[in-house]
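Asks: I have a structure here, written as structure tokens, and I will follow up with some questions on it.
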Amino acid sequence: MGGSERTVVWFRRDLRIDDNPALAAAARDGAVLPVFIWCPAEEGRFYPGRCSRWWLKESLAHLARSLEALGCPLVLIRAQSTLAALLQCVDSIGATRVVYNHLYDPISLVRDDKIKNELLGLGISMQSFNGDLLYEPWQVYDENGLAFTTFNMYWEKCMKLHIEISSSLAPWRLVPVSGIENICSSSIDDLGLESSKDEESSNALLSRAWSPGWRNAEKTLEDFVSHGLLDYSKDGMKVAGTTTSLLSPYLHYGEVVARELETLPLASRRGPVQVLEAGNDRIPVSRCWHAGALGYWLDT
């Protein structure tokens, strides 16, 4: 944390402090500007529905409180262009670098590549990380160098690959940058994630069943490991009952990472290892498969 870099940490669907390689890299090297940019115009056909936008709003509020406790506010921006918003952040604080974790859907891949090229052309360092998966989509191909078309074939290939799991320690404090006041930021309500009073009223019911936020994600994961994992291998695909992990929305917004599901159960030593493996191994690997399917086939 003693470096001289001034880094923009571009949060997207990685709304957590723990095991966040982009945030950890920025914190090690100097002052940090955490920013989340909401750009509805760029969401296209992946524009989130009401429940997903409610979750995003609650998760951002949770993340903002966590960052504030570390000494650094989360800057929220509603924009017509993500690139323009990032350029504003860079110019306002005199940033030398932008860091972010990978996303894998087609819209994000195209947008990220464009933004990276634009900022590199302006002399801004860009650094990106695998913030979620055991294997990124472009790391797993068949013998012909093509993407797999079935999960079982993908699974068999992954089981032959070396798994090197590393996690990034959460920073214990963050050094804020100066110049934040020059950024045209928004309040969390001004992002417009809840578009009407009717939505707010309906969303209030969601909070009775769900608790968004990365710390709540960790608790949900621990509860699943303690009480649900041993039955998951035989009951996980059943519609009835309570055998599902309840982790899906947390995984979607990166409040917990898929590779953590590979390590936490075995480290906990609860139950026979073979049962844990049967119930657990396919969860993080299927997450990698899903990311690959998004990146390779959704727009074909």
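Every residue gets a Cβ built from N, Cα and C, even glycine.
Residues or ranges marked as domain 'Photolyase/cryptochrome alpha/beta' by TrEMBL: 5-134. TrEMBL lists Tyr232, Thr244, Ser245, Leu246, Leu247, Ser248 with the feature FAD binding site.
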Asks: Given a 10 Å Cβ-Cβ cut-off, pick out the one of the binding-site residues Thr244, Ser245, Ser248 that has the most other Cβ atoms nearby.
Replies: Ser245
Asks: Inside 10 Å of the Cβ of Leu246 (FAD binding site), count up the other Cβ atoms and send me the figure.
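Replies: Cβ-Cβ neighbours of Leu246 (FAD binding site) within 10 Å number 15.
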Asks: By DSSP, what is the split of the domain 'Photolyase/cryptochrome alpha/beta' (5-134) into helix, strand and coil residues?
Replies: 63 helix, 30 strand, 37 coil
Asks: As a test of reading the model: what is the averaged pLDDT for the domain 'Photolyase/cryptochrome alpha/beta' (5-134)?
Replies: 95
Asks: What does DSSP assign Leu246 (FAD binding site), in three states?
Replies: coil
